Amino acid sequence: MTTMTTNTRRTVWRTVWREIHVSWLFIRSDRWTTLFPATCFVLAAAVHTRLPPAETAVAVASGVLYFWLFVYEHTLANQLVGLEEDRVNKPLRPLVSGRSSVRGARLRLIAVRVAFPLYGWFLGVLEWALLWQVLSLLQHEGGWGRHWLGRNLYAGIGVVAQLAAAWEIVAPVTPDAWRWIVTLTITVTLLMSVQDLRDITGDRAVGRSTMPLVFGERNTRVFLCAGFALGPLAIHHFLMAPAGPHWWIVATDVVLGGLSLLLAFRVVLRRGQRSDQHTYRLVEQWYTLALAASLYTLR
């Protein structure tokens, strides 16, 4: 009996570990736009409200699980819809590499779509979990993902669903937190088309109406360059200046503004799939770095 119980326990743990590993394979390429920055904002809320260390640890752990499910729902739906494209462009993704079957991914998506809002309800952020699910359905099953405006709105409104939930896991959203959320929402909505520079040929082949295909690659690059060039002004005025003229705020202002200017130059001067992929990764890291800065600018 003891041996059977031990074997059962081992089987359960192996299954759990395998599911955690598979979920990581699905979400790892999106961690810089979801899991890492959102967890930073949870921690910023904890610092702002002066939570004791033990409560802070619980809030952060709760946030990590919430945003793991948050991005897992997106990546499961996204990779199921884009399977044929991924066979050509992204051979390491789980559905293409055989780490997960299509049927397994569909079952996982059903499970996540049930578990995610329930967990959101438990944490007191149900409205934001449901907003994210509505956006996901519109993006992957409602056609938003095939048009530049829908794609940008999905990313932009998704910032609201992400960051409002992150803060409310700890406390009600403050006016200062809303200032950050609104600023980043507008920024992401306007500039998210940088992701569509990476595979213009593939998007054209599948009939996707991305911004570079609708307005032209050159015009899109000029627009994005202008947006990133104006970035330092928005960063300073809306995110950094309200925190006061401390040296660490000035240093952060310079770093974030400098990275924004670097992106402005890259988007027009560094072209090609590999360069555009690198540019997009820098955008993701800029977003995470900005939200890491909220730890001491919103305290």
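A Cβ is built for glycine as well, from the same backbone N, Cα and C atoms used for every other residue.
Sequence-distant contacts of the transmembrane segment (32-49), counting only residues of its own chain at least 6 positions beyond either end whose CB sits under 8 Å from a CB of the stretch, comprise 55-56, 59-60, 62-64, 67-68, 70-71, 74, 162-163, 165-167, 169-171, 174, 177, 180, 281, 284-285, 287-288, 290-292, 294-296, 298-299. According to Swiss-Prot, the transmembrane segment annotation covers 32-49 (among others), on the basis of sequence analysis.
Taken from Swiss-Prot, the feature transmembrane segment covers 56-72 (among others), and the record attributes it to sequence analysis.
Feature annotation from Swiss-Prot assigns transmembrane segment to 110-132 (among others).
According to Swiss-Prot, the feature transmembrane segment maps to 153-171 (among others), an assignment based on sequence analysis.
Annotated transmembrane segment per Swiss-Prot: 177-194 (among others), in sequence order, evidence recorded as sequence analysis. A Cβ distance under 8 Å defines the sequence-distant neighbours of the transmembrane segment (177-194), meaning residues of its chain 6+ beyond its ends; these are 41, 44-45, 48, 148, 151-153, 155-160, 163-164, 167, 210-212, 220, 223-224, 227-228, 231, 234, 238-239, 242, 263, 267, 276, 279-280, 283, 287, 290-291, 294, 298.
The transmembrane segment annotation in Swiss-Prot covers 222-241 (among others). If one looks beyond the transmembrane segment (222-241) by at least 6 residues along the same chain, the residues whose Cβ comes under 8 Å of a Cβ in the stretch are 179-180, 183, 187, 190-191, 193-194, 197, 211, 215, 249-250, 252-253, 256-258, 260-261, 263-265, 267-268, 290, 293, 297.
For 247-269 (among others), the entry in Swiss-Prot reads transmembrane segment.
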Proximity verdict for the transmembrane segment (56-72) and the transmembrane segment (247-269), three or more C-beta pairs under 8 Å: no
Cβ contacts under 8 Å made by the transmembrane segment (110-132) with residues that lie 6+ beyond its boundaries: 62, 65-66, 69-70, 72-73, 76, 157-158, 160-162, 164-165, 168-169
